[in-house]
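Structure first, then comments.
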Amino acid sequence: ITQQYVVARPLYSEESFAEDHETVYRHRKTMLDHIKQYFTCDARRAKNTALSLLPVIAWMKIYRIKEWLLSDIVSGISTGLVAVLQGLAYCLLASLPPWYGLFSAFFPVVLYFFLGTSRHISVGPFPVLCLMIGSVVTRLVPDEGLPHNITGFEGLTRDEQRVLVASSVTFLAGIMQLAMGILQVGFVVMYLSDTLVSGFTTAAAVHILVSQLKFVLGLTVPGLSGPLALIYVSIIFNKITSTNVCDVVISLTIMVVVFVVKELNDRFKSKLPVPIPIEVIMTVIACGVSYAFDFKTRYGIDVVGYIPKGYEPPMAPNLHIFQETAVEAFPMAIVGFAVAFSVAKVYSVKHDYTIDGNQELIAFGASNIFGASFKSFAASTALSRSAVQESTGGKTQVAGLLSAIIVMIVTLAIGFLLEPLPKSVLGAVVIVNLKGMLMQFRDVPYLWRRDKPDCVVWLGTCIAAILLGLDLGLAAGLGVELISVVLRAQFPRCSVLANINGTDIYKDRKDYVDIYEPEGVKIFRIPSPIFFANIEFFRSKLVEAVGFNPLRVLRKRNKALRRIRKLLKKGDLQWTSKGFLNTSCGPIKESEDESNMEELDLPTDFKDLPTRIDWSAELPANIIVPRVDVHSLVLDFAAVSFLDISALKGLKTVRLSIMIAVFITGPYILEKLHDCCFFDDEVQPSMFFLTLHDAMLYIHEKHPGSTEKKSDFEKAPYPETKF
């Protein structure tokens, strides 16, 4: 049996409801109050600030040594092995010597251990960021030709110049992230929607794929950066006849084996205690085979080569490079943080803990500044590496610290074992790990069916990033996204509502059959804010809903009143008990008076006339005015979150020109209307009602003849549950 409820309460307007029900006074904080609160300091706030700046203190207090330590050790070792390999591989994307990737897998991880709020992400090189750094590096220090005239390049080799560029742009990106964290603007990442990030990373995957072809094919071609850099593919195809067959065979073997084992890992992950570290296994095998058969000498393949032991002394960034790379550093800072925060958010929800976006900005900013001082490049998180850390049982960033120790051991002690590793192996590993990002192309049909504007954002971002480069592509994607948001707000789906028979519910009249529309009443709903950009759209839709042009009707009525006054003044028209009487001997000619045209847009005024004109009746002297069948208009503003000054002016114009009773619902905008002095003799607070049904019952009282189904309409219940 369907549950029912019956309610009996007075008909409420906003004004009458406020009189009957006392409200709670709430103090509104001013800007000065917020500033005072921000700069106020006491012992408790100092303690909370210290804990927020060093999240390691909070989770170390609850660390369960017996339950978590072994899992973190296993996870740290597994992640460390993957981090070594990815550090070497992703360094190729940054156009730097491979061993600098080991620096990026160590220094940022150490500082993030103390400052980060995520317990599961693996900090270090991220392929998209590496590619963005590589585009800056090859722009300032190209493969062929002279480098840019940068102060501080004197006496440095090409590799040293590139390392200086990469570390300086990383330092600058870190400063930007740290500044945004201190200024509490972590919310900026919210403007990067999942759709935009998906399209952007897919385009980045295409760039990464193209950039690795020269290693997989064993070709020597110059790197390109900037808009239309994908013509790089044509350069590779022009040299395709110089392909090193040994590199191709090694790459294809690595890719096939790694791909198959990764698929098996995914399929049997519930049965495997830890995923099979196939990339590490294949790298070790490739190193051994390359060393045993001397691939470098016998087949001429390019190998990693000499890896120096230990770490290099810290280095100050180059200020001249700051000036040259500021435009590229900002998107790096945003993309690095956005990707890391997105991954961290997924794991925080899965494992039920909170992360702080502003603290994450501070953590990554400080980590990048610290790492750049020791010649590492920008760090974020790689999705595959974070998945390894979490899936192998990692509970906290202790696993991340242990992975950094594994990287340190390789750097200090056993790095020489990786010297015979073919670069084609690293390129193959990079390409295989692009599977997840490239498979995002499957999102396009889904988005097109579900949400076409989101699909346009995805395609616009992806195509722009492919053609224009990642930095300009990200800016173009943001532009497309903001345009889509503006257009949705500028052209909302307005509707005319009708009453569902026997209820107090009102729905779009196009969607239901059993509806009731009182004669002469229109209910118009707009489901978005009303502001300067959509006020004209709102007015046009309102005119369409009521079925006539209100301004034209208003001018016609004012012209008619002006003519009646002239005829009365001349004596051609007189008022009698039976109405107006035409006293002219001949036909009355219509005269056009173009003076004071502004007065025609004012409300009709009957003060100088002997009676009020009934516009629905026949007018004297053959005066014709369009008849209006709508006597009441209800504007449903329940979904309107704000109004600006342009909207308020437009609403007043609508009220004055339509010349019918207007009853506006939506209590949340009432305070705004009071603050802006919206009310006057024409528009009063008594016209505002709590609900649509209140407004409709009020109209029914004022115009009882407008409905034939009076009993059914009045039976509609009001919601008041009785317990």
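Please read every residue number as a count from 1 along the shown chain.
Here the Cβ of each residue, glycine as well, is placed from N, Cα and C on the backbone.
The transmembrane segment annotation in TrEMBL covers 73-92 (among others).
Annotation source TrEMBL lists transmembrane segment at 99-115 (among others).
TrEMBL lists 121-142 (among others) with the feature transmembrane segment. For the transmembrane segment (121-142), the list of distant contacts is 79, 83, 86-87, 90-91, 93-96, 101, 104-105, 108-109, 112, 148, 150, 158, 161-162, 165-166, 169-170, 200-201, 204, 207-208, 211, 222-226, 229, 321, 324-325, 328, 331-332, 335-336, 339-340, 343-344, 347, 364, 367, 377-382, 385-386, 388-389, 400, 403, 430, 433-434, 469-471: same-chain residues at least six beyond its ends, Cβ to Cβ under 8 Å.
Among the features that TrEMBL reports, transmembrane segment is placed at 163-183 (among others). Long-range Cβ contacts of the transmembrane segment (163-183) within its own chain (Cβ-Cβ under 8 Å, at least 6 residues beyond either end) map to 94, 96-97, 100, 133, 136-137, 140-141, 150, 152-153, 156, 315, 317-318, 321-322, 325-326, 328-330, 332-333, 336-337, 358-373, 375-378.
Sequence annotations record features per position, and here TrEMBL assigns transmembrane segment to 189-210 (among others). Within the chain carrying the transmembrane segment (189-210), a Cβ under 8 angstroms from the stretch's Cβ atoms is held by residues 93, 127-128, 131, 229-230, 232-233, 236, 334-335, 337-339, 341-342, 357, 430-431, 434, 437-438, 440-441, 443, 447, 454-455, 457-466, 470, 473-474, 477-478, 481-482, all 6 or more beyond its ends.
What TrEMBL lists as transmembrane segment is 215-235 (among others).
The transmembrane segment annotation in TrEMBL covers 241-261 (among others).
If you look up TrEMBL, you'll see 329-349 (among others) marked as transmembrane segment.
Counting residues 6+ beyond its ends, the transmembrane segment (361-378) has Cβ neighbours under 8 Å at 53, 91, 94, 96, 100, 103-104, 106-112, 115-117, 123, 125-126, 129-130, 132-133, 163, 166-171, 173-182, 185-186, 311-312, 314-317, 332-333, 336-337, 340 in the same chain. What TrEMBL lists as transmembrane segment is 361-378 (among others).
Per TrEMBL, transmembrane segment is recorded for 398-418 (among others). Residues 63, 68-69, 71-73, 75-77, 79-81, 83-84, 87-88, 99, 102-103, 105-106, 109-110, 112-113, 121-123, 283, 287, 304, 307-311, 389 of the same chain sit 6 or more residues outside the transmembrane segment (398-418) yet have a Cβ under 8 Å from a Cβ within it.
Sequence-distant contacts of the transmembrane segment (456-483), counting only residues of its own chain at least 6 positions beyond either end whose CB sits under 8 Å from a CB of the stretch, comprise 128, 131-132, 135, 191-193, 195-196, 198-200, 202-204, 206-207, 225-230, 327-328, 331, 334-335, 443-444, 447. Annotation comment: TrEMBL describes 456-483 (among others) as transmembrane segment.
Summarising model confidence by region, the domain 'STAS' (511-699) averages a pLDDT of 78. TrEMBL lists 511-699 with the feature domain 'STAS'.
A Cβ distance under 8 Å defines the sequence-distant neighbours of the transmembrane segment (329-349), meaning residues of its chain 6+ beyond its ends; these are 117-121, 123, 126, 128-129, 132-133, 169-170, 172-174, 176-177, 180, 186, 188-189, 192, 194, 197, 200-201, 322, 355, 357, 360-361, 364-365, 368, 378-381, 383, 386, 390, 470-471, 474-475.
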